[in-house]
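Enquirer: Okay, handing you the structure first.
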C-alpha cells in the first residue's frame, strides 16, 4: 500500500504541474474580458457572437502555456473550451436578470437600514478608518522593500559589471576567453535577481487578502444588528465587496510581477550586446561596459519609481470601494450599476468549480489505474 501511495503522489505532482500551466484564473479572465469587450461594442457586434474567436483565445492558452501534450492537458482542453463558450452564452443571458435581482436586493436593504441610516453610515466610516490603519503599514513596507531590493539588485549587477571592467584592463590580449564567462554569468545574475525581487514583493498581495477578509468580517458584524431580517442580502453585498477588494490585490500582484519582468526584458538585451562585442577592440568594449552600468542605474531607478507607490494606490482603491458600499446602502443612492462585479464573481466561482471537479475526477481515475504491488512470497528456510 505504501508503494501505491508513493506512485499516486508522483502522479499527482505530474498532473498538478501540467494543470498549473493553464489556471482557472486565466480561463475566467479570457472569458470575462471577451464578454466585456463585446458588451462595450456596438449592438450589432454583440448580436453577432464570435464563438470561433473565443474558442481561438481559449485554445491559445494551451498553445502558449503548455510545452508538451499529455493526457490530462488534452482532456482539459477538450472539456474546457465547450464549457467556457457555454458559460459565455449564459453570461450574456444572465446579465440583465442579475441586474434586476441586485436592484431589488439593494432596495430591500436600504428600506431595512433606513431607520438607522446615520448609524450605518458611521459604522462603515469607522470600518474605513480601521482599514486605513491596517493597510497603511503595508503600503509603507512595500515601498521600503521595493527600495531595498531594487538597490540590492543594482549593487549586485553594478559590481559584476565593474569586475568585467577590471578583467578587461588586466587581460587586453585575451578578451574573449577572459570575459565570456563574466558575460554569461551577468545574464544569469539578471534572471536570478529579478526572480528574487519578485519573490520578495509579490507575497504582499496574499497578506493583503487576509486583511481584507478580517475587515469585511468586522464590517459584517458591525452592521448585523441593523439587518437582522435581511442578513443574507447584506452578506451577499459584502461578498461582492470582498471580491472586488481581492481582485485589486491580485492586480497589485500582477502589476509588480509585470514590472519585474519588464525590468528583466530591458536589462538582458544590454548584457547580450556586451557579450556580442567581446570580439571588438578594447575601446568599443569599454564603451559598452560603461553604457551597461549607466543602463542598469536608469532601469532599476525607473522600476523603483513605478512600483514604490503601488501600495498607496491600492489602499485608495480599497477605501473607495468601501465608500461606494456606504453610498449604495444609503438613502440617496439612486440607481447603482454594480451587477457586473457579481456576474464576474459568479463566473470565476463556476470556472474554479469546473477545475476542481475535473482535478478530483482525474485523481480518482489515477487511483483506480495504479495497481496494488504484488508481494512475492519468500520461501522459508529449511
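Yeah, the Cβs are placed from backbone N, Cα and C, and that goes for glycine too.
Swiss-Prot lists these features:
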- 33-330: region '13 X 22 AA approximate tandem repeats' (REGION)
- 33-54: repeat '1' (REPEAT)
- 60-81: repeat '2' (REPEAT)
- 82-103: repeat '3' (REPEAT)
- 115-136: repeat '4' (REPEAT)
- 137-158: repeat '5' (REPEAT)
- 159-180: repeat '6' (REPEAT)
- 181-202: repeat '7' (REPEAT)
- 225-246: repeat '9' (REPEAT)
- 247-268: repeat '10' (REPEAT)
- 269-286: repeat '11' (REPEAT)
- 287-308: repeat '12' (REPEAT)
- 309-330: repeat '13' (REPEAT)
- 1-20: signal peptide (SIGNAL)
Enquirer: Across the repeat '9' (225-246), what are the DSSP residue counts per state (helix, strand, coil)?
Expert: 21 helix, 0 strand, 1 coil
Enquirer: Should anything in the same chain at least six residues away from the repeat '12' (287-308) have a Cβ under 8 Å from its Cβ atoms, list it; otherwise answer none.
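Expert: Sequence-remote neighbours of the repeat '12' (287-308) are 142-143, 146-147, 150-151, 153-154, 157-158, 161-162, 164-165, 168, 201, 255-256, 259-260, 262-263, 266-267, 270-271, 273-274, 277.
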Enquirer: Six or more residues beyond either end and a Cβ under 8 Å away: which residues meet both conditions relative to the repeat '13' (309-330)?
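Expert: Long-range Cβ neighbours of the repeat '13' (309-330): 106, 109-110, 113, 117, 120-121, 124-125, 127-128, 131-132, 135-136, 138-143, 204, 208, 212, 219, 237-238, 241, 244-245, 248-249, 252, 255-256, 336, 338.
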Enquirer: Mean pLDDT over the region '13 X 22 AA approximate tandem repeats' (33-330): what is the value?
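Expert: Its mean pLDDT is 84.
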Enquirer: On the DSSP side of things, how many residues of the repeat '3' (82-103) fall into helix, strand and coil, could you say?
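Expert: The composition, in the requested order, is 22 helix, 0 strand, 0 coil.
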Enquirer: Let's see if you can do this one: DSSP helix, strand and coil counts over the repeat '7' (181-202), in that order.
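Expert: Residue counts for the repeat '7' (181-202) by secondary structure: 21 helix, 0 strand, 1 coil.
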